[in-house]
Structure formats: C-alpha cells, structure tokens
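To start, I am sharing the structure in question, which I have written as structure tokens.
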Amino acid sequence: MSKINDKLTEINTVEYEVASKHSQYLFYSRFGLLDTAAYFLFLLSFFVTAVMFLVGIFHTEQFTLNDQNQGISGFYLFWNVKKPADIFNANFVYSISSFGIAILALGLFSLFLMIFLGYRWAISLFIKSQITKWERVIFSTGFYFSVVAYCFWIALMLLFLVLSDQHFFPRTTTQLKSNPNLSLFFRISHKDNVFSSRLNQLGAFATALCITLVVYELPFLGLFAFNWNKQRAKAIFCRKRKQ
C-alpha cells in the first residue's frame, strides 16, 4: 500500500507541475488532469443516469390491470413483462429491460468513479500541500458530503433495479391484494379489480433526492461547459453584477 501511495504521490507531483502552467483553469490547476477527467465523466454519467431514472419514474403508462384490457399496459420502462394467458390467476413474469440495464451499467460506472475520486482526492486534500488549510476544509467537507449523498442514492437505485426479481415481491393479483409492495419504490392500489401503481415513501424519497442531486450538480457542469476557465467565469460574474 505504501508503494502505491508513493507512486500516486509521484504522479500527482508531475500533474501539479504541468497544471501550474495552466493555473487559469479552475479544476485542472487544483486536481490535475486525471482527476479532472474522472470528475467530468462522473458528473456526465450521473446526470444521464438520474435523468433516465426520472423519466422511468414519471412514465405515464404505469402498471395497469383491469377487466377491459385484460393485460398490462406499460411497466415503467424499467422492465419487460410477459403477459400470462390467465391474467388474474397466473404469476407476472418480468425481467429488466434494456433501458433498465443501461441505467444499471451507468449507475455502477458512476459509483466506481465516485469511489476512485474519493480515494484520489483524499490524497490531494490531506497529504498534498498545494492547497491552503481553508481550501482543504471546504473541499473535504463539501466533497465527502457529496460522496455520501451520491453513493446512497446510487445504491438505492441499484437495489430498486436488482430487487425486481419474482423471489422478492409478490407476483399474483391475490398476493398483491394482501401485500401491495410491487417493488422497492412502488406499491399497488386496487379497487374493483383495477390495479394501479403509486410511489411508496422510499420511492418518493429516492426521487426527491435524485432531483436535488441533479440540481446540485448543474453549476459544476456549467463550470466544465466554460472550459473550467476562472478568468472567463469571473468576467461573466462581474458583468452580471454590474448589470
């Protein structure tokens, strides 16, 4: 482990020497090229994952079962559903869709980048001397608070997709009447043999957290959109203040 840390220290030193020549760039000047690229990839992959998740959550054609359609109309986009011959007595058989697999893959990729950045930035924040004491406090507090929030939501979302298996939740109409939990985030309400889905408390919490994190990361995506250039960002900020 010490050899790995020594090697990372050597790499970081070289990166900072190069970055010092480009000090006008906001992220690159502080964290180096590798961490900046990983951070950008994380923001991008998480943003796409979160938007896809919200599209699936707010999909209007949700779980619907009644005497008229004798089947299932839509299923969130997350899963593929196999319609049984006897809809009211047979099990619902469904598997994760390509849409769900894409979210699952992006979520795992985002989680990997978050863990990687947490380790890399721990070295930069607590071992390196290129940043001041107050920068260390601000960056460490803000970043590791973000790490907990992001990882918690990604873990919830991954569990939601993985636990769609029949073994975890009931799959017949008889069972759904006594146990309305269709999945980790959704419950089933029924009236006169018409079944419809609603977000449960955990699903509502996960959705609210997802929206909050997306809004939180928008300013950071904006900084990357301006090429991380401090002078350009400062000029825009000063122009707005004068107006």
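Any Cβ shown, glycine's included, is placed from N, Cα and C.
Pulled from Swiss-Prot, these are the listed features:
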{"type": "TRANSMEM", "residues": "38-58", "note": "transmembrane segment"}
{"type": "TRANSMEM", "residues": "99-119", "note": "transmembrane segment"}
{"type": "TRANSMEM", "residues": "143-163", "note": "transmembrane segment"}
{"type": "TRANSMEM", "residues": "204-224", "note": "transmembrane segment"}
Looking only at residues six or more beyond either end of the transmembrane segment (204-224), which have a C-beta under 8 A from one in the stretch?
26-27, 40, 43-44, 46-47, 50-51, 53-54, 57, 146, 149-150, 152-153, 156-157, 160, 185, 233
Should anything in the same chain at least six residues away from the transmembrane segment (99-119) have a Cβ under 8 Å from its Cβ atoms, list it; otherwise answer none.
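Residues 35, 38-39, 41-42, 45-46, 48-49, 52-53, 56, 77-79, 143-144, 147, 150-151, 154-155, 157-158, 161-162, 164 contact the transmembrane segment (99-119) from elsewhere in the chain.
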